[in-house]
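Visitor: Residues annotated as ATP binding site in Swiss-Prot: 26-33, 147-150, ILE176, 184-187. The active site, proton donor annotation in Swiss-Prot covers HIS33 and rests on sequence analysis. Per Swiss-Prot, the feature (R)-pantoate binding site maps to GLN57, GLN153; the stated evidence is sequence analysis. What Swiss-Prot lists as beta-alanine binding site is GLN57, and the listing cites sequence analysis.
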Amino acid sequence: MQVATTKKALIDALLHHKSVGLVPTMGALHSGHASLVKAARAENDTVVASIFVNPLQFEALGDCDDYRNYPRQLDADLALLEEAGVDIVFAPDVEEMYPGGLPLVWARTGSIGTKLEGASRPGHFDGVATVVAKLFNLVRPDRAYFGQKDAQQVAVIRRLVADLDIPVEIRPVPIIRSADGLAESSRNQRLSADQRAQALVLPQVLSGLQRRKAAGEALDIQGARDTLASADGVRLDHLEIVDPATLEPLEIDGLLTQPALVVAAIFVGPVRLIDNIEL
């Protein structure tokens, strides 16, 4: 496995490679990331993974505790990626990605990036889209792999490549869950044992809605919100039923008769967790 820390080294490493699959990450890797690599490995001659904690997608452009406290464990991440079968790792620092300071020209995500997660984290998806566009330009992948846990991110990136005619196929990969049902996330490392137990109310509420839909029962969305809002140690950010492609909220009156996605975010202590489930 080759590790490149500069753009030139990355471009040199990619010379003469055939089909390329890209797995963009911010590090602090877990089994969910390994599933992305597995999917990429099955469809491409060469698999590239990036590790970069992107300040543009954090509050105050990284001048915040969330950015400073984001887990960084490069040696462990490299070991996981090598075992998973990655060929090239791109692990730049901030100066390498944004030489001379933050960029003047950004990718702006419009309405799809300002609702739900974007409403709570202004500018977040502009930062995501900007760094992903840079990675696409550097790696020139045939396919790129993103976890379905970040459903809004997947929708934003799909619009990015469609609207800017970037020739890359976006491959969402299903959510990986721990045995207790919690969606795998790098942020889970910041939960205490008690906080992790409190966080389980999120997948429980989502799976409850899915069971009601499967049984042909009416969905009580406000009841689901109330359950999360009143759970011990939990603060509700949002829970909505949306169109899977556009993320536009769906108005339902009783039974749901069309494909839909429930997206939700909560805080457990200082840790923000997101999850979603298909209905």
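Start at 1 and count along the chain as shown; that gives each residue its number.
Placement of Cβ uses the backbone N, Cα and C atoms for every residue, glycine included.
Distances, neighbours, how buried they are, the whole picture for these features please.
Guide: Under the DSSP three-state reduction, GLY32 (ATP binding site) is assigned to helix. Of all Cβ atoms in the protein chains displayed, 21 besides its own lie within 10 Å of the Cβ of GLY32 (ATP binding site).
Within the same chain, the residues at least 6 positions away from HIS33 (active site, proton donor) whose Cβ sits under 8 Å from its Cβ are VAL23, THR25, ALA49, LEU80, ALA84, GLY147, listed in sequence order.
DSSP classifies GLN153 ((R)-pantoate binding site) as helix under the three-state reduction. Residues near GLN153 ((R)-pantoate binding site) in space but far in sequence (CB under 8 A, at least 6 apart, same chain), listed by position: PHE125, VAL128, PHE146.
The Cβ of GLN57 ((R)-pantoate binding site) has 22 neighbouring Cβ atoms from other residues within 10 Å, across all protein chains displayed.
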Visitor: Count the other Cβ atoms sitting within 10 Å of the Cβ of ILE176 (ATP binding site), across every protein chain shown.
Guide: 18
Visitor: Just to verify a number: CA distance, SER186 (ATP binding site) to GLN57 ((R)-pantoate binding site), in angstrom, no decimals.
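Guide: About 15 Å separates the two Cα atoms.
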Visitor: Just jot down the residues in the same chain as MET26 (ATP binding site), at least 6 apart in sequence, with C-beta under 8 A of its C-beta; none if empty.
Guide: ILE51, PHE52, VAL53, ASN54, TYR70, SER186
